[in-house]
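Written below as structure tokens is the structure these notes are about.
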Amino acid sequence: MKLAAVTDGNLEPLRQYLREGGKVNGRLSNGMSLLEVAVQYGGDDVVEYLISQGAEVRKRDAKGRSLGTLAAMQGRTKVLNMLLNAYPEPPNLEEMWIPLVCARMEEYMSHFRSSMHWRESNPWISGPPCWPVVEGDVMGVLRTLLERGIDPDTVCGRDTALGIYAAVGDVQAVKLLLGFRADVNAMPADGTPLMRAIVAGRPEIVWTLYDAGADMRKGAHGQSALLACMVQPGTWDERTLRMLCAESDANSFGEVLKVAKRTGCASMEKVVMDRCREYKSLRKEAFASLVRNFSDRRYLDDRQWCDLALGLIRQGLDAEDMQTGLRESVRLGKPELVRSMLEHGGNGRVLDEKGRTLLMLAVLSRDGGAMENAELLIQYGVDAEAKDAEGKTAAMMAEARGFSTLSKWIRECEEKYAKTTVRNASTDNPNKKQ
């Protein structure tokens, strides 16, 4: 009788029950209060009537949830406002806000739960959903709680509300939160809202956050926004890529180029290379990043490495910028790179940290290309008679290693190029005017 009076939408039976001595804060046989039933199943007018009759708004359900939380989770904005207005003291808005926001992420993540790999790599979300799916006027509930003073940067699980709604792609919620001054650069456990949007592949959200002042250089785990784009490489149009490229630190360009080349993302590679072509400082940083990992084969094969390095070299680099790359190219036996750097102003006379010439490094190289590199270096002016700390020339080092053919080749090349003008080419850098 009491349950039907609350849920059927007819107030008269409920009024009659209370007139006849029924307790407005009494419990039903299932342990629920009348107001709890009304909040979950009754009409707005029933909730309003029970509150007017003194129903206790601070009651909790069997799981310890407040009535305000139940109303919020059902998107019942009007009911939530009635409950909050009736609270005798300031309510705990966080306990309503957190499950509401977390439920949105639960809904988004539910399709990942069937993936064994995802469960293993993300154990914090591998169990059953923590919160039920929210229905009703969610935006109205969010606005109500924000207007009543909830901190929009309250951490919900592992993220802020802005980060969660950015990840799920809810533009309306993102704009609402920004309107209430949510921190666009907040960075809890899972990165900034911008990084969440990028990793999830949400271009519209990315632009919304960018317009709100998101810092493109502030990522998670040292990862730049530009590099994060490679998680969803096919999502981004050229306009968005160019914006991210223009706003990103140059020191991420080399890594982005490597990932773009490895994944076959030609659009990203083109945008970054175009940016490097415009600014010499950027191509210098990108080239330096490539050089630092010349010997790392986790990402690219030789052909891919050469393609990227040659592209940057041909755009124009100073001899000083190419020194490390030239040494590493000789050390690793990469004649194509060595030739390109020498042709574009690289200084073949540089020494390594032990005072050895590049010709000596060619003799010591482990991946082949020694004979071709030796000829190139001698052709561009490296002194074949120079001696190391032990008094050995490059030819003598080759003999000591059992490379008699290479030793002979060095001497032949020295004689061949003794009087050619190209020996002095490395002193004139054709890129000085760029």
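From the backbone N, Cα and C atoms, a Cβ is placed for every residue, glycine too.
Automatic prediction, not curation, is the source of TrEMBL annotations.
Owing to the predicted nature of the structure, the values given are computational and were not obtained by experimental measurement.
Per TrEMBL, the features are as follows:
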- 30-62: repeat 'ANK' (REPEAT)
- 354-389: repeat 'ANK' (REPEAT)
Exercise. Tally of helix, strand and coil residues over the repeat 'ANK' (354-389) according to DSSP?
Worked result: 17 helix, 1 strand, 18 coil
Exercise. On the 0 to 100 scale, where does the mean pLDDT of the repeat 'ANK' (30-62) fall?
Worked result: 93
Exercise. Of the residues in the repeat 'ANK' (30-62), how many are helix, strand and coil by DSSP?
Worked result: 17 helix, 2 strand, 14 coil
